[in-house]
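> Sharing a structure, written as structure tokens. Questions coming.
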């Protein structure tokens, strides 16, 4: 099949538009934040902390509404045996943003952190911060690679251009404007990209619905026509698996640097909270056309289309149902416009992940762990280099690694199992220390990896209750793959075990050292008896500027009752805020 020239021109024009917006945003905001005393490196990472509701809401929504989000939602609805009942991403990520806004946005923004890893290094030290950087980095990199790979496959379906060329070109454009403008370029291009996603998909839906090959989706929702009803159902035997995956999306969607980069860039702590709620609504709205396209795919007699008599599910092309519907059920001009929407979704997530990974490395690894005396100019150059390096690595993985989605599934699980409980402890649990953090890290890692990962053909060495052997035959190669299906909610159990072991080992270490049972010389992590050592950084190392007015601090961190403060609130971390707020002692907690 020859290259579709019209489609290629449409993609080129779209890419030029995104590139122009990114460069304009970088030029427009090149001095933002610097006049107020903010370092250039911090301005690149958090945009001078002056992102408003409009741009902030768009960029936070676009971070979640990526190529995996819209393609994956359509695939889940289309896939026989799955359906809308198993399309958990829209509701899971929306609730993730709501929970993040309610409990995490204000505490993180009010303390003036620059990255998600700052509170970990503040309380647990630079070495533990480095360990937590590993799953955070892997999550961002594998996510970028996965969505770049999805884009290449999508372009090859509709425009029929070489996958490698499309992936490399898309990555170069995203890296270039991120390199030039940092968060400002990412945020402003997200506004354009999200608009294109919304418009492109909604234009395509009416044309696809009106195709003579498509049956009434209202009928196929509950009645088997060409395949089982697309509403789907949850077998009671699969209830724990469904709940485990939903908890992973809802809670595991919080501890990502791409989320906290938006939170920390908000112009105030209250705005950070509002941005989360706006993005939650945006995620639900943006999922509607993907759900409809998946339903259309499940309601189509493919024998009446140019696709051919064999449905996509029987060709192992269920993951490409969205571009297939665009190509074979819509006019060429409409399908090309929809293709631009898919490209927009991919780039809106890839640029955010690359910037997030480079921000954490430049600040938490290079500056705070190795070069605390590094100049601002040096940090800026480290960021620029790592943006390029991480972008190149993500591109290479998208081109060379066949199991990139499996790697992303595993890394996102590790973010949920390891980083989320650590974030809970560092923000809300009093008295946790580095010993507990290490224990939680190890327990969570062992329990999750021990469950195996079928996508990577990683066999389990822990067989949880209810496991059973399964076989899967690939339709094209007829190869039979044997794997173990874990029906126990072991991911959530691993997360809870990590959380409890963090608290338990922290209190055990605290008791052993403070009671004299263990000699102070054995406190080799300087986590209990040496709170002000070089290893445990104080707040002045992490937060160099007062970004929040005292009046806002008082409202954000009211005085807690004695029982609440003694049980759930980490007063070691909060005492600087309470001391800084002259009105804090007169505030009444929200629950009183």
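Cβ coordinates are placed from backbone N, Cα and C, and glycine is handled just like the others.
Found this in TrEMBL, in case it helps:
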| type | residues | note |
| --- | --- | --- |
| TRANSMEM | 6-27 | transmembrane segment |
| TRANSMEM | 51-70 | transmembrane segment |
| TRANSMEM | 90-108 | transmembrane segment |
| TRANSMEM | 129-151 | transmembrane segment |
| TRANSMEM | 163-184 | transmembrane segment |
| TRANSMEM | 191-209 | transmembrane segment |
| TRANSMEM | 239-259 | transmembrane segment |
| TRANSMEM | 271-296 | transmembrane segment |
| TRANSMEM | 379-400 | transmembrane segment |
| TRANSMEM | 406-429 | transmembrane segment |
> For the transmembrane segment (163-184), which partner among 51-70, 239-259, 379-400, 406-429 gives the most CB pairs under 8 Å?
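Top-ranked stretch among 51-70, 239-259, 379-400, 406-429: 379-400.
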> Would you call the transmembrane segment (51-70) and the transmembrane segment (129-151) in contact, using three or more Cβ pairs under 8 Å, pairs 6 or more apart in sequence?
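Yes, the transmembrane segment (51-70) contacts the transmembrane segment (129-151).
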> The transmembrane segment (239-259) vs the transmembrane segment (406-429): three or more C-beta pairs under 8 Å (separation of 6 or more)?
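Touching, yes - the transmembrane segment (239-259) and the transmembrane segment (406-429) meet the threshold of 3 or more Cβ pairs under 8 Å.
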> How about the transmembrane segment (406-429) and the transmembrane segment (129-151): at least 3 CB pairs under 8 Å, pairs 6 or more apart in sequence, or not?
yes
> At a threshold of under 8 Å on Cβ distances, which of 6-27, 90-108, 191-209, 379-400 pairs most often with the transmembrane segment (271-296)?
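Stretch with the highest Cβ contact count: 90-108.
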> Should anything in the same chain at least six residues away from the transmembrane segment (191-209) have a Cβ under 8 Å from its Cβ atoms, list it; otherwise answer none.
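Long-range Cβ neighbours of the transmembrane segment (191-209): 14, 17-18, 21, 54-55, 58-59, 61-62, 65, 70, 217, 282, 285-286, 289-290, 292-293, 296, 325-326, 329-331, 334-335, 337-342, 344-345, 347-348.
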> Can you name the far-off residues of the same chain, 6+ from the ends of the transmembrane segment (90-108), with a Cβ under 8 Å from a Cβ of it?
60, 64, 69, 73, 116, 119, 245-246, 248-254, 259-260, 263-264, 266, 269-270, 272-277, 279-281, 283-284, 287, 291, 423, 427, 556-557
